[in-house]
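The N-acetylalanine feature in Swiss-Prot is assigned to ALA2; the stated evidence is similarity to another entry. The annotation phosphoserine is assigned in Swiss-Prot to SER37, SER44, SER60, SER86, SER106, SER119, SER162 (among others). What Swiss-Prot lists as region 'Leucine-zipper' is 80-115, and the listing cites similarity to another entry. Marked as N6-acetyllysine by Swiss-Prot on the basis of similarity to another entry: LYS107 (among others). Positions annotated as compositional bias 'Polar residues' by Swiss-Prot: 115-132. What Swiss-Prot records for 115-172 is region 'Disordered'. For LYS117, the entry in Swiss-Prot reads N6-succinyllysine, with the evidence type similarity to another entry. Residues annotated as phosphothreonine in Swiss-Prot: THR129, THR147. According to Swiss-Prot, the feature compositional bias 'Acidic residues' maps to 149-169. Per Swiss-Prot, the feature region 'Catalytic (GEF)' maps to 173-281; the stated evidence is similarity to another entry.
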Amino acid sequence: MATNFLMHEKIWFDKFKYDDAERRFYEQMNGPVTAGSRQENGASVILRDIARARENIQKSLAGSSGPGASSGPGGDHSDLIVRIASLEVENQNLRGVVQDLQQAISKLEVRLSTLEKSSPTHRATAPQTQHVSPMRQVEPPAKKGATPAEDDEDNDIDLFGSDEEEEDKEAARLREERLRQYAEKKAKKPTLVAKSSILLDVKPWDDETDMAQLETCVRSIQLDGLVWGASKLVPVGYGIRKLQIQCVVEDDKVGTDLLEEEITKFEEHVQSVDIAAFNKI
């Protein structure tokens, strides 16, 4: 019966319930809560939690010190102490936040007051619009009839003049002169010639071929844009040696096909011609 009665109780035995009910009542009476009051309410809630925790600790200590009480585990008390310490730290942090907010609000109030003092008391009046009358079309003055003497004077004036014609001729002459000088300068400028360095392998028929005579035959080829370079004999095998000769050619004048064709004309000494290396200069 006692348990059923406590389930439907309409009074509070704990003080914090009464405090919460009283706080909600006054908040409803005073209207919406500002940001600063919310911070203070949060701090007060933490303070009430701390007080409640202390009250519970005191009750537990009082119950454990009684005659029939048994010694409980020490871990519960340590947890409560840790929670109290954390709540106190949070309380200090909230107090610091509240102080910072109060300082910021005071600074804003000071700045607002200075701005209000520096601003002009009267508003700038809008400029009055002036009534503009519609534009009237101005008629040009009537031309007077020109006298014969004035007509003669007008005829004597050369509006275009011969000076402008002379200036046009001078400008055309200068333009032609500059174009001619530019063309001469461009013609004198040396043009870049694309050249290539080629290393040829000239192979004889057998080891009895006179390699000196073969080199003489190859160097006897004279073409526009062809310059022969160094040469040497490279052994191939079985006593046979090939002629390795270097040359520089102009790409527009001498091609590799033409060079091979001219060398292979010496059929008695030359078996074949191969390009060992080809580099652009």
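Just so it is clear, glycine is given a Cβ too, placed from its N, Cα and C backbone atoms.
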Can you tell which of the modified residues SER60, SER86, SER106 lies nearest to SER44 (phosphoserine) in space, using Cα positions?
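Comparing Cα positions, the candidate nearest SER44 (phosphoserine) turns out to be SER86.
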Taking the Cβ of SER106 (phosphoserine) as centre, how many other Cβ atoms lie within 10 Å?
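Counting Cβ neighbours of SER106 (phosphoserine) within 10 Å gives 10.
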Reported as an integer number of Å, what is the Cα distance between SER119 (phosphoserine) and SER106 (phosphoserine)?
20
How does the model score the region 'Leucine-zipper' (80-115) in terms of mean pLDDT?
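Mean per-residue confidence for the region 'Leucine-zipper' (80-115): 91 out of 100.
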How many whole Å apart are the CA atoms of LYS107 (N6-acetyllysine) and SER60 (phosphoserine)?
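Computed Cα spacing between LYS107 (N6-acetyllysine) and SER60 (phosphoserine) is 48 Å.
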Around the C-beta of SER119 (phosphoserine), how many further C-beta atoms are within 10 angstroms, looking at every protein chain?
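Summing over all protein chains shown, SER119 (phosphoserine) has 8 other Cβ atoms within 10 Å.
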In the region 'Catalytic (GEF)' (173-281), how many residues does DSSP call helix, how many strand, and how many coil?
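Taking the region 'Catalytic (GEF)' (173-281) as a whole: 33 helix, 41 strand, 35 coil.
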Neighbour count, 10 Å Cβ-Cβ cut-off, for LYS117 (N6-succinyllysine): what number do you get?
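Cβ-Cβ neighbours of LYS117 (N6-succinyllysine) within 10 Å number 8.
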Distance check, please: Cα of SER86 (phosphoserine) against Cα of SER106 (phosphoserine), rounded to an integer number of angstrom.
30
What's the most sparsely packed of the modified residues SER44, SER60, SER86, counting other C-beta atoms within 10 A?
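Across SER44, SER60, SER86, these modified residues, the one with fewest Cβ atoms within 10 Å is SER86.
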Helix, strand or coil: which one is SER60 (phosphoserine) in, per DSSP?
helix
How long is the line from the C-alpha of SER106 (phosphoserine) to the C-alpha of SER60 (phosphoserine), rounded to the nearest angstrom?
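It is 46 Å, counting Cα to Cα.
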Within 10 Å of the Cβ of LYS107 (N6-acetyllysine), how many other Cβ atoms can be counted across all chains shown?
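For LYS107 (N6-acetyllysine), the count of other Cβ atoms within 10 Å is 10.
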